[in-house]
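Quick notes on the structure that follows.
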C-alpha cells in the first residue's frame, strides 16, 4: 500500500487539465502509441468539444521514481464545473493529493478556487503546478502570488510545466511521489469501498468506479450497498490504465471498477459505500458504518422539455431513460401542458447541466425539443401551515391561499480584474444581490453576494460575461430558503391562461417583466380575423395588455356616397360575424413564443 498514490487534477476550464493528463499517461506508458489520442480521458464528443470534463475517469499508471522504486499512481480525473460540484467532492475524497493546475498566463479562476477549497476541507494535499509556460505571455511570478493570495497555500515551489511541449512532466510525477501521502486504511479490515462514479454499459450493465478504502474485494464475492441495502454479485473487477484491464482482486488503496450485473444507475449512487454481504471464513465480514460524505443530489433548476411533434413523445421518453442510465443527477417526470401537449418536467443540477442534457438529446438521440423557461424550486407555506415545494409555475396555488413564498438563496463568489468591479456590482444589484464581502487579491477582486437562484438561472451568467468582457468568473453554492415577495405572472390570450408561459418573479419586477413578455408576444402571434387581447395578470389584476388588431375587409368599398344607415348596416353585419368567429376560434401560439420568454431582456 505504501507504493500507491491516488491523486486528481483541479483546474479551471481550458487551463490544460486533460492535456496534462494525456502527458502523464504517455510518460508512464499507460497506453500503446497507437491508442494514444488527444484528451484520452474525455470520452464523450461533447466533452471534447466544449473542452470540459463531465464524467470522472481514471487511469492507473506505473511510474518508476528516481530512487528506482516503482509506484502505482492512480489519476482520478474530476469534472471542473460548478454544476458538478458533488461529483468533484466524491472524486477528491477518493484521493490523498491533488495537482492544482493554474494557467500561468491567466492566473486563478473562480471554479479552481471553489474546487481547491473543497480539496483543502477534505484534507487533500494540494500540489501547485503552473501550466502553459511555453506561452510568450506566461507570468509565473504573478500566478504564484495569486495562488498564495487567493487560495492561501504556499506556492514558492510550484512546478513550472507545459503539457503541450511535455516540459516539467517528470518533475510533476516526482512531486506526486514525494508530497502526496500514501493511502491510509486497514488492509485486513472489513471491506469499505466508495463509489466515485458509475456509468451504464449496454453489454455488462452498470460499471462502478470505486476506491477501496479498507479491506479487499475478490471476484465473485457478494457485495452490499450501504445506502440502499441491495445485494449483488461482484462478477468482474479490474483497473483502467485508461484501457480496462481485468483483475481478480482489488486491495485497500486501489482504484478500479466493479461490475455486478446491476440494471439501473439508481442502484449505484455516487458516494455510496460498498461492503460485503456476510462474514465468511476467508473475509473480514461487512463494515459497521459507511464512509462519510454521502448525500442524495437534489436538482436545483427545472425546465419542461417537449417534443416538437406529438408523435415523438415515446422516443423522447426512451432518450431520457438512456441518458438517465449515465447521469443519475437528471430527474424527469411526465407533464402535460395545454399549449405544448405531452412532455417532461426535468430537474438539473444547474444551467450548464441543462444545456448539456439538451445538447446530448438533440445530438445523440436526434430529438427536436422545445424547452420552457428554466425555473427554480420555491418553498410555499399555505395558510394552514402546510409546506409545499413548487418547481413549476403552473402548479403554484392562488396567492389568496398562501401565507408566504420562500425562494432559494445562493452564495455567489465572483472573481474579476479590478477594472470591472463597477459594472459587475451594478449587475449584481439589479439581480437583487446583497453584498456580503469584497476582497482584493493583487489585481483580482473577489466579491461575495447572497442572491436569489431564480435571478441567476435566467441570464446572469451571460450578462456577467458581457459586462466584464469575459474576464469575470463565478461559482455558487446553495445557502437557504428565504421568505420573499414573489408573485406568479400569468399570460392570458383572449382571457385564456397559457400555462407554459407563466413565470414567477419578484413583485418589484413583475410589471416590467409582464410588459416585456406581452410586447414580445404581440410581435410573434400572427393577426387573426378578430382582435386578440394579450394580457399579463397577477391573480385577477391585469398588469399589462397589448391588442393585436383584427384583419378586416373594407366592406364600405362599394358604397358611393349615399346614406349613413346603409354603411352602418354593413359594418354591424361585419362586426357580428367577427364576434361569432371569436367565440369559436382559438389562437395558435407558435413555438417561438416559448423561446421568446427566455429572451425577454431586462
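Each Cβ is built from the backbone N, Cα and C atoms, and glycine gets one as well.
If you look up Swiss-Prot, you'll see 2-184 marked as domain 'tr-type G'. Here Swiss-Prot flags 14, 15, 16, 17, 18, 19, 131, 132, 133, 134 as GTP binding site.
Around residue 131 (GTP binding site), a 10 Å sphere centred on its CB holds 30 further CB atoms from the protein chains shown.
This prediction places the mean pLDDT of the domain 'tr-type G' (2-184) at 74.
DSSP assigns residue 131 (GTP binding site) to a strand. A 10 Å cutoff on Cβ-Cβ distances gives residue 18 (GTP binding site) a total of 24 other Cβ atoms nearby, all chains included.
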